[in-house]
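Per Swiss-Prot, these features apply:
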type	residues	note
BINDING	ASP496, ASP502	Mg(2+) binding site
COMPBIAS	723-740	compositional bias 'Basic and acidic residues'
DOMAIN	563-622	domain 'KH'
DOMAIN	632-706	domain 'S1 motif'
REGION	707-740	region 'Disordered'
Amino acid sequence: MSENQVLIREISLGGRTLTLETGRMAKQASGAVLVTYGETVVLVTATVAKNTRDIDFFPLTVDYEERLYAVGKIPGGFIKREGRPSEKAILSGRLIDRPIRPLFPKHMRNEVQVVATVMSVDQDNAPEIAAMIGASAALHISKIPLKKPIGGVIVGRVDGQFVINPMVRQAENSDMHLVVAGTDDAVMMVEAGAKEVPESEMLEGIMYGHEKVKEIVKFIEDFRTEALGMGLAFEKMEIPEPQFDSNMSEAILTIAEEAIREAVLHCSREKLTKKQREVYMDEVMSGLQEKFLEQFPENPKEVTMLIEKAEKKVVRRIITHDKLRIDGRAIDEIRPISVEVGVLPRTHGTGLFTRGQTQILSVATLGSISEEQILDGLGVEESKRYMHHYNFPPFSTGETKPMRSPGRREIGHGALAERALEPMIPPEEVFPYTIRVVSEAIESNGSTSMGSVCGSTLSLMDAGVPLKAPVAGVAMGLIMEEDQFTVLTDIQGLEDHLGDMDFKVAGSANGVTALQMDIKIPGITREVFEQALEQAHRGRMFILGKMLEVLSTPRAEISVHAPAIIRTSIHPDKIRDIIGPGGKIIKKLVEETGADIDIEDDGRVFIAAVDREKGKRALEIIQSITAEVQVGKLYNGKVTRVTDFGCFVEVIPGVMGLPGKEGLVHISQLAFQRVEKTEDIVKEGEVIAVKAIGYDQQGRLKLSKKEAMRDMGLAPAESTSEQPEKRERRPFSRPKATKE
């Protein structure tokens, strides 16, 4: 790489300028590109190891590194530096990984690492899109053998018009968030969240995005061409194909294909379960292994690879040509479905969803508004009321593995199921709860993420959450053989492993709420998309029907074990009265009632308590603390002090040892007749009726017993009649003395 030359090129993307630069930073990486999009800046590097590894998979790692200095923040906590990647960072890394992985040579075993370091963030220009384009460019100018570059965009739709890479204000009004990545001739990856958008319109969005992707791919191709001429790009390294002895290959494939075909057809005819099929197929495969190792003892690795190649070829050919599946189902048939709700006694809502040998237990928990998740990363600061977490324990597949914290796959599956239900969650004004759903994959044979969507819907409805509409999901598969393809509905584990696509579609009866597509081939066409979406719609409607047979609408009441939330509003100026000095009053209120109390800046108050009576008590206390005495209103108040000039009456009692609201009944307002001594009319501790008649210049409350009696019809007759108008008082003058 040249030490002195720098290549900078730009393209218009979504009405803003995107710039690629190489030759200035990170020159020791195999490929490095600095991407600038608006004021978003991401450095993307691609590095390849010199030596191959003795493994049976391609070791690709994509790391998306968020730096808080990118938005002018210092990390919180004691350490004051970035720690583990956030959930957003993990999802962004997966977003880059998925479209590029199928474009590497099938037999590549050199480790490749792509690192996207987010250095500056402008909220209107998504750093994950800049990182995806940068990863493609960095790989393409390097010696790493990516078959062809990719491009990626976000497609939104505002007022019926598609928008490329919508800005924050546009995204707020968009009914879809569709990430499309692909090459110049095919779509490689789709990730979407939507507000019940019909399949046909989602497809148009995908195709619209792909047209812009083609422009980005051409831009990266031209960037590499210029970089080659400047010594800033390199020729691709060669990855040799594994070579087999032709005699050995022919002997193994001929016999193995026939034996495996008979075994697969037997499994299909008998409709064996996953475990039964695994036992049966293991016997067949082990028998073939032993037979060929006796014949070719010096090539154990090659023997295994050829037998696996035969299995993949046979299973795929049976699906595409015979239209048979290994479990005996039709191409568009869904496995048997079982639905249960209310499974666990003390939880707020549960749904047990079983589809074939995939089983998900989803549990919904309702909490107070204060329990919502605060998202404090590189994006716009916001909070999340609905959370979905997905767990995949090893026993779900009958395996033993260490139990660790959630990995990238679990985080990705959880986010997909969360996205599918998010548009259906009622707003805070309708249902003022924080909601968390945990989906436990307790049995797995494919499509646990879509099972989690179904389980989540059931658990939320069981918890009494008034969803806008129930949601279900189904995973579609694809077998592409030469010029023909077969789309499979509700794929299981083996079909996912041996197939070319995992296309997950979730939504309501009205439209799609989430999409995710992963493929293992260099892209798919519009025709494949159309058929997959059409089959997915039919499958989703079938699954929804099964779910609604068990629970057709959300329960009318939330669980008795869930906190009841009481809402009220106070004047914002009264918030300090509830909080008290140093939070003293609010703490005492929580301790006394056991309720969870949240006060918003605009004066909205949410009281959450499992014990409904304690919640009501907390409401009464808050109303008492914030109550204002209304002028002109009658009150029954307790006489707290008696003085020579009147008495003080508490018209709103104090609570929790706090003083109540009291005012002065002047001695002239105690009775209609003249009062010489206050004690002649009232005694301390006595409860009397008074009327609030106003405030003095110091803001002190003035009360009247006399006016209260008048309003109650207890005034003397003469005092109730209209009084004659008073004559003007003349100055007193003594008559002059006269002389006699």
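Any Cβ shown, glycine's included, is placed from N, Cα and C.
Each of the binding-site residues ASP496, ASP502 was scored by how many other Cβ atoms lie within 10 Å of its Cβ, and the smallest score goes to ASP496.
Secondary structure at ASP496 (Mg(2+) binding site), as computed by DSSP, is helix. Mean pLDDT for the domain 'S1 motif' (632-706) in the predicted structure: 94.
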